[in-house]
Structure formats: C-alpha cells, structure tokens
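J.: To start, I am sharing the structure in question, which I have written as structure tokens.
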Amino acid sequence: MIQVAGVNFEDPIVIASGIVPPTKEYMQNVCEKYEPSAITSKTLTYSPLEPHRSPTFVKISDNCYLNAIGLGNPGIQILRDLGEIKCKLIISIGGSNVNEYIDAVSKINDIPVMIELNVSSPNRRGFGESNLTYVEEIVKNVKSIVKKPVFVKLGPWDNIVEIAGRALSAGADGLTLINTLKGMLIDVEDFKPILSYGTGGISGKCIHALAVRVIHDVFKEYEPEIIGVGGVFDWRDAIELISVGAKLVGLGTVLVEKGFDVIREIREGIGTYLEEKGLKVEEIRGIGVKR
C-alpha cells in the first residue's frame, strides 16, 4: 500500500492521461482485467473540444511517438456518466484561462480520488505554456473549490524547478512530471509538417532520460509528492523514476506499444526486484537524489 496525498494506492503503477477513453464501459473493463492502481482520465475541459484533424499521431522510432490530438474531449459533463468504477480515478482538467479551470472543476463529483491540472499541453494554442503566467491563481482557485488532492502536470521546461515551486507554494498537493516535449517532423516530399497541427508532443522512451532529470531536480529542491511519467517501458524504468522521487509511476506510450498486459509485467517486475533486494518501495523513493 502506498499513500499519496492522503489517498491509498495498492501499488505505484497508474495509467497516465490520454490513454483510456472516458467511457464507463472501457474504464471498467481496464480496471477489472488489468487492475491498475488508478486510471488518469483524458484531459477534460468545461466545454467539448474537437480534436485536430488527421494525421495526429506518428511513430518516430521504436517506442517513440509524436502526437497532437489537441485535447479533443467530450467535456467535463461526461464525468456524470461514468458512475462508480472499480479502480481509483484521477481526473485531468484543462483550460485556456483561470475561469475555464474553475468552471470545469466546479462540475467534479465524488468519483475521482484526485485532480490533475494539465497546465502544460503543447498541442493546443492557449492551453500550454501560456497558463504558466497564472499557475498560482489556477491552483489557489481550484483548491478553494475542491477537497480532493490537486496535482499540477508540468512540462520539461528549462525553468521547471521554479514553476514547480510556484505551484506548490500556491497549495498544490503534488506534481505530475513530465508532460510531452514539443517537436516537429517534416515530410521531405512536400516539405510540410507531417502532423496537421504542425508540432506535436514527443512521448515514449526517447523522453525517459529527460523525465528522470526533471523529477530528480524537482525532488531535490522540494521533495514533493510526484507522479512520474515519461518513457516507462519496463520495471527498471519504473524503479528509476521512483529512485529520483516519484511515488506513483504513470504508464502511457508503452500501453500503445505493448498493450495493457504490460501493467502486470511491470508490477510483477517491481515486486521481484524488491524481494530480491530485501527492500520496500518506500525505501527506494528518492535514494538516487539523496546519495
């Protein structure tokens, strides 16, 4: 059992945002069949958003992708249709200004155990770095409305440690690190971007080392509660993120690449590693920073 911001999780493995469609049937099937400690919803906004037109997703190399769905989602109202599901639900919320976050959060019911504020999407204008100028205001307003733990999802920017500090000082209960890294690919036949949006978020194994560095630096400065996300493809990757400060580890691209069965593989791999070392998972957290 792992306690994060007062919430108990069976083990460190959760599903990151953007993977599981926000429908009761799909979520319930994933919960029952694969037993993740929690599912993080797709980012939901107050009003529905249309996704960018195709192509929105392209494979860069083995275990590495570029995507720009553009936060397409049915809106926060879908939450009332989810009902009770048998694993914990973390709701990801997005917006282009403070009021949109407030409006969306005001619609949240008792289903989620935690709220994740996505202030770092690189794939829709006005929904990413522009939010950082008022991250404190977003956090303070959300915390004044909800009693659930609030985590802030940040991207791998150069000033990430400073921004993390601002979010925590404003009252965030923890951080989700990291979001995707903005990139671009060009078609050499017509010399236009391959993705319809132009740029996209780089995800997968190619950002794992970046995630390790960011989590390390933020944990070293503040020792906050962290959900670590970024290129986790096996139990070693998960242990690595835990060793630099993550309490929970989110799986994303690996589920696209290998399917949901990998959840069990990674969980069992962590268990075997800990048993062989004679360690508990809490003894590993942050050890790579403190040594």
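Here, residue 1 is simply the first one shown, and the rest follow in order.
Each Cβ is built from the backbone N, Cα and C atoms, and glycine gets one as well.
Pulled these features from Swiss-Prot for this protein:
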- Ser17, Lys42, Thr43, Asn118, Lys153, Ile178, Gly204, Gly230, Gly231, Gly252, Thr253: FMN binding site (BINDING)
- Lys42, Asn67, Ala68, Ile69, Gly70, Leu71, Asn118, Asn179, Thr180: substrate binding site (BINDING)
- Ser121: active site, nucleophile (ACT_SITE)
J.: Using the recorded substrate site (Lys42, Asn67, Ala68, Ile69, Gly70, Leu71, Asn118, Asn179, Thr180) as reference, state which further residues of the same chain have their Cβ within 8 Å of the centre of those residues' Cβ atoms, listed in sequence order.
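T.: Everything else in range on the chain: Gly18, Thr43, Ser121, Pro122, Asn123, Arg124, Gly201.
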J.: Would you mind sorting out which of Ala68, Asn118, Ser121, Thr180 (the recorded positions) have a C-alpha within 10 A of the one on Gly204 (FMN binding site)?
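T.: Checking each Cα against Gly204 (FMN binding site), the hits are Thr180.
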J.: Same chain only, sequence gap of 6 or more: which residues have a CB within under 8 Å of the CB of Thr253 (FMN binding site)?
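T.: Within the chain, Thr253 (FMN binding site) has Cβ neighbours under 8 Å at Asn63, Cys64, Tyr65, Ser203, Gly204, Lys205, Gly231, Phe233.
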J.: Show which residues of the chain containing Thr180 (substrate binding site), separated from it by at least 6 in sequence, have their CB under 8 Å from its CB.
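T.: Sequence-distant Cβ neighbours: Asn67, Pro122, Asn123, Gly155, Gly200, Gly201, Ile202, Ser203, Ile207.
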J.: I'd like to confirm something. Which of the recorded positions, Ala68, Gly70, Asn118, Ser121, has a Cα closest to the Cα of Thr43 (FMN binding site)?
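T.: Closest recorded candidate to Thr43 (FMN binding site) by Cα: Asn118.
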J.: Going by C-alpha distance, which of the recorded positions Ser17, Ser121, Lys153 is nearest to Gly70 (substrate binding site)?
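T.: When the Cα distances are compared, Ser121 comes out closest.
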J.: For Thr253 (FMN binding site), just give me the three-state DSSP call.
T.: helix
J.: Taking Lys42, Asn67, Ala68, Ile69, Gly70, Leu71, Asn118, Asn179, Thr180 as the record's substrate-binding set, what's the max Cα pairwise distance in Å, rounded to a whole number?
T.: 16
J.: Which ones are near Lys153 (FMN binding site): of the recorded positions Lys42, Ala68, Asn118, Ser121, which have a Cα within 10 Å?
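T.: If one measures from the Cα of Lys153 (FMN binding site), the recorded positions that come within 10 Å are Asn118, Ser121.
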J.: Using Cβ-Cβ distances, find the residues under 8 Å from Ser17 (FMN binding site) that belong to the same chain and are at least 6 apart in sequence, listing them in sequence order.
T.: Thr40, Ser41, Lys42, Thr43, Ile90, Ser92, Glu116, Asn118, Lys153, Gly250, Gly252
J.: Looking only at Lys42, Lys153, which of these binding-site residues has the biggest number of Cβ atoms within 10 Å around its Cβ?
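T.: Max Cβ neighbours within 10 Å, all protein chains included: Lys153.
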J.: Taking the Cβ of Gly231 (FMN binding site) as the centre, how many other Cβ atoms fall within a 10 Å radius?
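T.: Result for Gly231 (FMN binding site): 24 neighbouring Cβ atoms inside 10 Å.
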J.: Including all protein chains shown, what's the count of other C-beta atoms within 10 A of the C-beta of Gly70 (substrate binding site)?
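T.: By my count, 21.
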